[in-house]
Structure formats: C-alpha cells, structure tokens
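A.B. asks: Here it is: the structure, laid out below.
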Amino acid sequence: GLFLYPSLLPPAIQLHLLDTLLHRDLSNPEHMTNVHFHHHLPYPTNKDQSSFFSPSASILSFTPKDPALHKPLTTQQFLNKKLRWLTLGGQYDWTNKIYPNAEPPPFPPDIKTLIEEIFPMKAEAAIVNLYSPGDTLSLHRDVSEECNRPLVSISLGCDGLFLVGLDGDDEGGESRMAVIRLRSGDAVLMSGESRYAWHGVPKVVEGTCPTWMENWPAFEGVEGKEGVDDDFAKWKGWMKGKRVNLNVRQMFDRGDPAA
C-alpha cells in the first residue's frame with residue numbers, strides 16, 4: 001500500500017538532515033551527482049569547512065570534461081541550479097539502469113539508523129533530489145532493485161505535488177492516479193502494490209518553504225544559533241526556493257531488515 005506520514009520529522013531533525021546531506025555528504029567524493037557527467041568536481045579541502053557552502057569553496061571552479069560542449073561552473077551556479085541529485089550508498093548506473101556489482105560506499109550510518117528505526121527496510125541506497133520552482137520529475141517506476149521492500153521518500157523545503165498511480169487492472173483498463181501535496185517533514189512509504197507504481201513530481205509550489213527553514217544554511221532565525229559566527233550568511237534564503245527529497249531504498253532482499 002501507499003502510506004503518507006504527515007509532519008513525521010520535527011523541525012530540528014529536518015534542519016539536521018539538511019546539514020548532513022548538503023554539507024557532509026555532498027562534499028564526500030564517494031557520492032555521485034548529476035554534475036559528474038560533464039564536469040570535474042573540485043571538492044573542498046579545508047577539513048574545518050568541508051562544505052560547498054563554506055567561504056573557502058566560493059573560489060572553486062568546476063571544469064568541464066569537454067570544453068567544446070560545456071562551460072566551467074562557479075560554486076554558486078553549481079548549488080543554485082545545476083545540482084539536481086546526489087546518490088548515497090549504492091551508486092545507480094543511470095546509463096545501464098542497474099546497480100554496479102562493485103562494493104558501494106557505505107551508506108551514511110546516521111541516516112541509516114533514522115530510516116531503519118521508523119520503516120521496515122534496510123537503507124542501502126538513496127538519491128537526494130533537489131528542485132527549484134519550475135523543475136519537474138517525469139513519471140517513472142523504480143524497478144532496478146532486486147527486492148520488494150518499501151521505498152521511502154522524505155520531503156524538505158517547498159511543497160511538491162506528488163503524482164502516483166497504477167496501470168489498469170486489465171487490457172484497456174484506465175490507470176488509477178492520485179495527486180498528493182507533500183510538505184516539509186512529510187514522508188511517503190510505497191509498499192506492496194504501490195512499490196512499483198508510476199510516480200513523479202509535476203510541480204514544486206513556490207513560496208511554501210517553512211519560514212524557520214528558508215534561510216538555511218545561514219544561521220539567522222535558527223534556535224540555538226544566536227550569536228554564533230555564521231560562515232554561511234551569504235547563502236541566506238537559499239532554501240526558500242528549494243525542495244529536497246531524500247528517497248531511500250533497499251537494493252537486495254536479505255530477509256528481515258531488523259536482523
């Protein structure tokens with residue numbers, strides 16, 4: 001079945017999840033992004049500021065693999081528009097539509113614990129989608145995993161319209177489609193018949209990011225950060241125009257996820 005968990009994650013956990021995904025995990029060279037296809041990523045080298053949002057990363061240049069086809073990117077261009085997804089754990093091969101046989105990088109243990117404490121699955125692979133208003137995700141089905149364990153999707157930032165549906169029950173039967181408005185902190189679990197359902201994101205709703213999140217990664221307005229030196233002040237308002245989806249799945253059927 002398809003299960004919706006409204007406001008599953010409280011604000012503090014949502015902000016911590018953004019910190020984890022977009023500061024720590026994005027700056028880890030083991031994790032792939034869509035930008036890797038056409039550019040070399042110059043990862044931050046300052047361990048005290050190991051984030052693409054840090055001041056030391058502002059001078060980085062993302063050089064194209066083929067200068068005849070693509071131009072260099074600045075850090076601001078990379079974060080504001082070009083970055084569309086980041087993979088964690090199992091690194092999906094988007095060309096061949098499979099997971100490689102090579103040992104994947106370890107799935108982040110703190111995110112793994114969060115997911116497995118709540119949902120009946122092993123967190124082995126994830127894709128973090130980033131959207132701006134006007135961006136969409138076309139209808140698709142997740143069928144590459146050798147497993148029928150549920151898929152979990154967690155929403156952060158702006159609201160998104162989630163379109164999901166099943167094919168007709170018989171030849172010529174009409175598809176059954178539903179549109180669900182997902183807000184920051186909501187989670188969706190796709191299991192059973194809905195595990196292989198068609199789904200997509202036809203619209204990101206502009207101006208709907210919670211006020212307590214819209215200045216991330218800047219500290220302004222964040223409880224407990226009063227008076228702290230803010231290395232990310234120049235990015236104030238970045239999340240106001242963003243939607244982040246953490247989509248987690250189990251790649252292989254290895255029995256009881258709690259085992």
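Cβ atoms here come from the backbone N, Cα and C positions, even for glycine.
Curation plays no part in TrEMBL annotations; they are all automatic predictions.
Pulled the feature table from TrEMBL, pasting it below:
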type: BINDING; residues: His140, Asp142, His199; note: Fe cation binding site
type: DOMAIN; residues: 122-252; note: domain 'Fe2OG dioxygenase'
A.B. asks: If you count, for each of the binding-site residues His140, His199, the other Cβ atoms lying within 10 Å of its Cβ, which residue has the minimum?
C.D. replies: His140
A.B. asks: Mind checking how the domain 'Fe2OG dioxygenase' (122-252) divides into helix, strand and coil residues in DSSP?
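C.D. replies: Split by secondary structure, the domain 'Fe2OG dioxygenase' (122-252) comes out as 12 helix, 52 strand, 67 coil.
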A.B. asks: How many other Cβ atoms are found within 10 Å of the Cβ atom of Asp142 (Fe cation binding site), counting all protein chains shown?
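C.D. replies: Excluding its own Cβ, the number within 10 Å is 16.
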A.B. asks: Around the Fe cation site (His140, Asp142, His199), what further same-chain residues have their C-beta within 8 angstroms of the site's C-beta centre?
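C.D. replies: Apart from the listed residues, the neighbours are Leu139, Arg141, Ala197, Trp198, Gly200.
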A.B. asks: Mean pLDDT across the domain 'Fe2OG dioxygenase' (122-252), rounded to an integer, is what?
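C.D. replies: Overall, the domain 'Fe2OG dioxygenase' (122-252) comes to a mean pLDDT of 87.
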